[in-house]
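J.: Please read through the structure below; I'll follow up with questions.
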């Protein structure tokens, strides 16, 4: 009787397997633009479009320490990071949301990506925002390729380039004169270790002999030999 139910489950599993790629594709996030260059004080629009079941959407600024800029959910008051408070506007719904960032500063330069909150988190391709000074706006060009997560540029500043004279004035590496001092320290540590070993050996011998007959000749000879050996190691060199 167990055979027919198993055979009925097989077509159901195959149907689920066929529908899984379509469900994952439906959760893809479309983001535009890929790159934009704006002067200081201007605004930029970032659009996040997705289809399928969606709980909400984040806009994150990538970098060494990713930062959530906004969180938007239909019917809920949007959450905005303190740095962008009063500079963010929304239009549309969470399925097709346009985020407008106003009064951009040089420190706002970075890569921003849409993160759709679904059964599995899905990310957009990212938008590279280059905020430049007005006189240098023509120096920066955007490519049509989506930005990479690691392509976070630093805010353009004129003082970022090192002074050639300062760069050539780096301190030289330490000379080899530190080698004798290192050898002296190593020799001192070796001598200290040998002294501690001799003290421990004599202590162990005394404990061993106390367990045996104290009149035993073997213990007396062994202890005398250990004592003479430690004295030989600790005696100074007459030829130095």
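The backbone N, Cα and C atoms fix where each Cβ goes, and this holds for glycine too.
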J.: From the ranges 140-172, 206-238, grab the one Swiss-Prot calls region 'Disordered'.
T.: 140-172
J.: Write out the long-range same-chain contacts of residue 45 (N-linked glycosylation site), meaning residues 6 or more apart in sequence whose Cβ is under 8 Å from its Cβ.
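T.: Same-chain residues close to residue 45 (N-linked glycosylation site) (Cβ under 8 Å, separated by 6 or more) are 98, 99, 100.
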J.: Could you list the residues of the same chain, at least six apart in sequence, whose Cβ is under 8 A from the Cβ of residue 96 (N-linked glycosylation site)?
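T.: Residues satisfying the criterion: 47, 48, 49, 50.
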